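*Asks:* Quick one: the structure is below, questions incoming.
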């Protein structure tokens, strides 16, 4: 799961980012509102944590732009503005949740989980391709009714491929699903993960489209 953190307080941002990464999320951090919009245009996020008082472009303007573009990604305002008027205004702008600073990191994690759970329930939770089944909620993969043991990154790659099994997914798209901004990526990392997946779910399960990327293999 990939999260965008838009927060101009470096100390708070580093604390939140470290906590969420320990919780298993990939976290991209930006400190300006215009940078947040650029990131949203370039990447698909599962959740956005948005400070209201961002420089260059306020959190309110960022959120308004997100909703005008009809992006339904969950957005949680994280802000020191704690009046009832501020909370109502933030939610009316289209925020899914509103968390007042200072807050506990445990509560932040719980609120993120709640938003992701709502999002997942509105989407298809069981992905199927041939005799392969992937449960996005339970994080379980079955092949011919037998459980397949995958690492977290292998699971994310397979999920990305199975959401649109007939579409070609590029190497860049797979890297975006696995790694946060600035995280070092070995040149052959995707190839290694694909190789390991093929060993576990079948050599013909994932097809390489030379020069373009990967997609799920042809069904027999």
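Note: Cβ is positioned from N, Cα and C throughout, glycine not excepted.
Per TrEMBL, DNA-binding region is recorded for 124-218. Residues annotated as domain 'Response regulatory' in TrEMBL: 2-116. Per TrEMBL, the feature domain 'OmpR/PhoB-type' maps to 124-218. Per TrEMBL, the feature 4-aspartylphosphate maps to 51.
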*Asks:* Write out how many residues of the domain 'Response regulatory' (2-116) are helix, how many strand and how many coil, based on DSSP.
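*Replies:* Taking each residue of the domain 'Response regulatory' (2-116) in turn, the totals are 54 helix, 23 strand, 38 coil.
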*Asks:* Give the sequence-ordered list of residues that share a chain with residue 51 (4-aspartylphosphate), lie 6 or more positions from it, and have CB atoms under 8 Å from its CB.
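*Replies:* Non-local contacts for residue 51 (4-aspartylphosphate): 6, 7, 8, 9, 59, 77, 78, 79.
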*Asks:* Count up the helix, strand and coil residues in the DNA-binding region (124-218) according to DSSP, in that order.
*Replies:* 33 helix, 24 strand, 38 coil
